Structure formats: C-alpha cells, structure tokens
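Listed in TrEMBL for this protein:
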REPEAT    25-57  repeat 'ANK'
REPEAT    116-148  repeat 'ANK'
REPEAT    149-181  repeat 'ANK'
REPEAT    182-214  repeat 'ANK'
REPEAT    214-246  repeat 'ANK'
REPEAT    247-279  repeat 'ANK'
REPEAT    280-312  repeat 'ANK'
REPEAT    315-347  repeat 'ANK'
Amino acid sequence: RPPDSFSLAKMLLKNGASVDGKDERGQTALSYAISQGFENTAKVLLEAGASVDSKMTERAFNSDHPFIFKILLEYCKDLSSNIMESALFKAVQKNLHSIVAALVDRGTDINAYNEMQYTPLLMACETGKAESAEVLIEKGANFRIKTLASDTALHLAVQAGAASITNLLLCKGMEANVTNQVGETPLHVAALHNKGALVSILVNAGAKINADKQSKSPLHLASERGDNTMVELLLNANADPNAQDREKKTPLHTAAMRGHLNIVKVLLAKKGRSGVKDMDGCTPMHYATIKGNAEIVKILLTSGKNKNIDDRNIWRKTALHIAAEYGHSDLINLLLSQGAAINALDSSKDTPLHCACKAGHLNAVNSLVNWSQGEKANLQAANSLKKTPLQHLSVSTRVQNAEMSELIPLQLVSDLTAGCQKGLIMPSLAIQSRMPTPFLLALQLEVGWVSRSNSSHSYN
C-alpha cells in the first residue's frame, strides 16, 4: 500500500470529500481500509465520523487483519448491541481472545444467546477455544447455563477434549457429576468420545466412576464402543467391572455382545464375572454364542472352568441351544467338546437338535447328529408339541429334500429300524397329527438320496 495513504485520506477529507461516499459497488473508503487492513487510514476515517455497519464488522473478522476490529471498537461509541453480540460470537469462533476481552469490557452481553441458543462460553467450550473460554470465565460468564439438550460448559469442554477449560471450570466450582438431558455426566461423555486424558481430571475432581446413565456406567459405554484404552483407564480408576445396567447387563455382557475380544480379556483379568445373568437370564456366553464368536466363547469357558457351560436363560436355553438355533456348527463342536449337555431341554422341551432342525440349519444338524464322543443326540426326543427333531426338519426344509437326503445317512435308517425292533421308537409316532414319522421320513429321504444318485433329478 502507499506509505502516505492515510495522509492522502486526511487531505481529501479536509478538502470536502464525503467520508461515507460510495463507489459504483456501494463500498465506502472505510470498507476498503478494513478489508485491506489499513489501520491508520481506518483511524483517519473513523475520526472523521465514518459510519460503521454490521457488514463492516463482519468484513473486519473475515479479513486477514481481524485485529482492525479493535480500532472500530475504539472509535465507534454507538455500535448496536446486535453488532456487538454478533462480533463477540465471531471473536470466539476465531479465538481472538483479546477482542473477546475488548468486547466484554465495552459492555457486550457476556451471556448473550445466538440462534442455536448457545452463549459465547458454551461455543468456546464446544469448539475447544481455551483462551477465549478463559477470558469469558474470568470476566464472569455464567458457566451454569446449559444448551437445549441440557449440556453444560463442562460436558462440551470434555467432548472437545479441552483439558485446560475442563480444569478451569472445575476449579471455579463446576459440579463434576452434573447430568444432561439423557443422564450423562461429563465422565460418560469422556468415555463416549474417547477423551482418556480427561478421566483422571474428572475423577480427581470427584466424578463418580460408576455414575449411571440409564443405569449404564462409563465402563459400559467404553466396553460397548470397544475402546481398550478407556476401559483400562476406568478400571484403573476403580470402575466396577460387574456393575449392572437397567437390563442387568455388565460391561462383560456388552463387550461379548459387540465382539470386543481384547476388552473381554481385560474385564476378566479385573475380576469380571462370566456367570452373571441379565434380566433375560443370559450370561456373556449366551451373547458371544449368538454372535458366533468362538474366541470369546473359549475365553469365557476357560475363565469359568466350564462351570457355566450349561447356564440357562429365562427360556431355559443353554449356549448350545443358541448355537444350534443360529447355525453356528463350529461353536456346537466347541461346546460339545467342553462337555455341554447335548440333550438339554429348554422351556418348550426342545433339545439343541430341535432348535437346529426348526431353523433349518443343516450344518448344525449334521454336527449334532454326528457327534460321537460321549452322549449322542436323541433323535426320538419329543418336545412339548410331541414332535421329534426330524419332524421339525421336514417342515422347515421341505423344499430342500436333496440337501436333507445328503445329510441323513443310510446309518440313520438302520438306527431307526433297530430302534423300532427294540421298541425304543414307535413307527406310528405322530401319525394322528398327520406328520411323517421319523422312520417313514428317514426312509423317504434315503430313497430320495438313492434315486437322485441314479438319475438326474431328485426324488419328490
């Protein structure tokens, strides 16, 4: 810029130039001085009474020379409250803490609300503008004002990971266990947003390590998210690994349900109990089985020395029932190898084989039927509907006869025949209900298998 531009401005004004004259673009000399950062020229124009509007203050902030706004404050005594408040929020956004201080000193409402119903302090905390937040707090901003969701400045500072703001708010007397609309404390927020550095700050300030959020502790939330570091931080701060939420689930239930293997290991190492049941009577192993997570099931079995392998939920289902129901044949083999009861009955008197047959999981059926170590699956077991597993299989997979004929070997026909001869199986079982008997069904399937092996189409 020319070194004597402000002198030129002085001369022009002295000779009658209009201080608020506009060019063809509607811009005044002050507009250009602000956008270019010509501080001395701006001073000359302001001293001559140049008008300032909201567009100019916005231009001052958006230029590469935002500190020129301090000159506007110094020379303009009649800026509207709207302009001042808007400028305060913009100064916080850009973390221009000296301008924040100047605006507050000038009388701008320090607790003004913007269109989002945030105060300048709430905005500073949410965006982690530490210097601006410190100025606002020291100049008396109300740090107990909440957002529409009842988040406090402390909640927002923790979510932003702003340790210095968090410390300052706590030092000024902010309650460490204050809750928002959904019952979250700042410690819950730290657990949810992976802000491990703030855990010790909050705990040292009196935050409850097992505080409830709808009965969920911060450890529940960290376990659900799979945040290994946060889980270890909370456990080292004496979080209870066996705390139960409103559904009676522990962090171990949550980790098993989500498939977080490392967190399951950490919780068990910190004396998490693998046999705790939730309100549905399910243990962590039930949920690991639903997910088909063999590694977690193995660890849970080892930690409990297989004592909980046949634990039942409120429907009296064991983990083996669930593995069969969900078609996890690898888990069926694992559980059976560890001593799971192959013929355990649930509340409907279904065995695991019934469950596999009902769901049409042929691989699971195969694993159960072909289990040969110890007790074998009871093929003739009748449930509360007087149906055998094979009868359920015929209903659930009647369009899959080709697959079923591969599944049911000739040996099964022999076994059923021998059972009839010995009086162990009644050939007429369920005829009155118009269901195929196990004997006839096996014969039908075996004939289909033989027929298909000798022709290009399957037996129907």
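Using N, Cα and C of the backbone, Cβ positions are placed for all residues, glycine too.
Just so you know, TrEMBL annotations are computer predictions that nobody has curated.
Mean pLDDT for the repeat 'ANK' (25-57) in this predicted model: 85.
Residues 182-183, 185, 187-188, 190-192, 194, 196, 199-200, 203, 252, 254-255, 258, 260, 262-263, 266-267, 270-273, 276, 278 of the same chain lie 6+ residues outside the repeat 'ANK' (214-246) yet bring a C-beta within less than 8 angstroms of a C-beta in it. Tertiary proximity for the repeat 'ANK' (25-57) is limited to same-chain residues at least six positions away from its ends with a CB under 8 Å from its CB atoms, namely 1, 5-6, 9-10, 13, 19, 63-65, 68-69, 71-72, 75-76, 79-80, 82-83, 86-87, 90. Assigned with DSSP, the residues of the repeat 'ANK' (25-57) fall into helix, strand and coil as follows: 21 helix, 1 strand, 11 coil. Counted with DSSP, the repeat 'ANK' (116-148) comes out as 16 helix, 0 strand, 17 coil.
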